[in-house]
Amino acid sequence: MTKYSINNSLKTVAVVPVFEKIGLSAQGKLLDKQLGGLLSEMYNSNGFKAKKMQMSFSRTQDKETPAVLLVGLGEEKNLNIRGWKQIVGAVVIALQGKKITGFSLAVPAGLVKKLGVKKFGLDTVVAVETANYAFDEHKTDKEEKVGLLDEVILAGELSASDKNNLQKGIKEGVLIGQSVNYTRYLGNTPPSIMTPTLLAEEAKKLANPAPQGCRVKILSRPEMKKLGMGCLLGVSQGSVEEPKFIILEYLAGKKNEKPTVLVGKGITFDSGGLGIKPGNSMNDMKFDMLGGATVLGIMKAVAGLKIKKNIIGLIPACENMPSGSSYRPDDILTAYNGKTVEIGHTDAEGRLILADALSYACEYKPKEVIDFATLTGACMVALGNDRSGLFGNDEKIIAKLKNKSEEAGEQLWHLPLGEEYAEAIKSEVADIKNIGGVDKPGLGGASTAAAFLQFFTDYPWAHIDLSCSYYGGKGKPWIRTGANGFGVETMIEYLK
Ligand code: BES
Ligand code: MG
Ligand code: ZN
């Protein structure tokens, strides 16, 4: 666990953020004096332009401040929360690369003024926590593991009340950051380990008997059969792994207040089923449960923050595998609400398991339902991997989600639902079909998938197609490779 403290001087390794074209802050100048002009030298050296995330590092002879890192913030008018968090994360990862395990960060006064001191603390600490996480528990060479941070000091001249608020922000930031990392851990864990059964075990760990705790119920195959969850059962029937329908009930709001229901796709591995994925498109399909992991991360944070709302989490979880017992193209499955679905492709499985969960959500007479799903490759093609798609039938929810995602430094992009998409998934033989295209097969894939989900909703609803829930390769300068926990922070802002 990293220890956070607040101080007014820059001790240990000093991190000094600087805006482009503005120069050293008052705090920077003070340290510059202490270090005999080293900072000015670094600032004025050729090549350092204080561009966003640009860094200059130097060790010193000073006992109090053995090293300094100047980090560029870019132009003041361009710096937003997302940028600041990226910069903080990049600093953490860069220092860890130098085997440094603690630093003090000069708090930029202007940014604190803009965000408010509590939010500044919260966002900064979330950025530190998420940068500090590495999925390296399966590495056996200790040297290869990331040395985690021991101590971070936020350094600035602050009033007593500011300090108090900063402390509150830090506390919330730790909680939220750890919830984001929990989602990432669930996503990163290999699919042979993170089975539907283990995902359900993880959900059970969130159970808490306290009045404000989570109640957790796990439905197994016989109960699903009784309830008529034919789509989840259909998708899971080719796998040796038992399907689980995970229900979390967090009821800390008023007794008669309608709940917000969060639904998350929990495919622990998506091979495509009989319509098996070609080439290397099966790689990364351990991440196909990130919708469910996002819901678990949100529930963990919600309980930790003691948010006074009624919130339900629903996670249909199973594996999509090819075998002699698999569901087939041409099969017709019956969803929880009695509607029938013609199977056009076994790789369009996410929308099927969500059909059962979304119709089950009706039982809660929800105020609103928001689902998270790694639903379509098409959404990734459209948006890349740093934005997720947002769909819905309620303008207010959509506007609020967009707004809150910006406040959290995450990015959502509103994409369309519409008649042409609903038309594309009509079936000749059942109520609806699980694939379709606008005029040609495949066209409008993210929207036809969303239209399929819409068919199972009769309440205010939004759908987030998680096209940016994991990074490949080495990851990004501010966050390491693998699942990134997208959605947890936005939803906490939304529910707070
Ligand atoms: N889990 C995938 C979507 C996906 C693909 C997420 C790549 C992240 C990265 C989903 O189940 C799927 O296979 N979708 C198909 C739908 C098609 C068969 C209509 C797709 O996107 O190709
Ligand atoms: Mg699939
Ligand atoms: Zn899938």
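Each Cβ is built from the backbone N, Cα and C atoms, and glycine gets one as well.
Site annotation (TrEMBL, ligand Mn(2+) 1) includes ASP347, GLU349; from ASP270, ASP431, ASP439, ASP458, the additional listed residue is ASP270. Site annotation (TrEMBL, ligand Mn(2+) 2) includes LYS265, ASP270, GLU349; from ASP284, ASP288, ASP331, ASP356, the additional listed residue is ASP288. Proximity of the recorded positions (LYS265, LYS277, ASP288, ASP347) to ligand 1: a Cβ under 6 Å from the molecule is found for ASP288, ASP347. Shown are the binding-site residues ASP288, ASP347, GLU349; the one with the most C-beta atoms within 10 angstroms of its own C-beta is GLU349. If you average pLDDT over the domain 'Peptidase M17 leucyl aminopeptidase N-terminal' (15-142) in this model, you get 96. Within the set of recorded positions (LYS265, LYS277, ARG351), the lowest number of other Cβ atoms found within 10 Å of a Cβ is recorded at LYS277.
Listed in sequence order, the residues GLY266, ILE267, MET285, MET289, ASN320, GLY350, ILE353, ALA373, THR374 complete the 8 Å Cβ shell around the Mn(2+) 2 site centroid, once LYS265, ASP270, ASP288, GLU349 themselves are left out. Inclusion criterion for the recorded positions LYS277, ASP347, ARG351: a C-alpha placed within 10 angstroms of the C-alpha of ASP270 (Mn(2+) 2 binding site); this criterion is met by LYS277, ASP347. Checking Cα-Cα distances from LYS265 (Mn(2+) 2 binding site) against the recorded positions (LYS277, ASP347, ARG351) with a 10 Å cut-off leaves ARG351, in sequence order.
The Cα atom of LYS277 (active site) lies nearest to that of ASP347, taking the recorded positions ASP288, ASP347, GLU349, ARG351 as the candidates.
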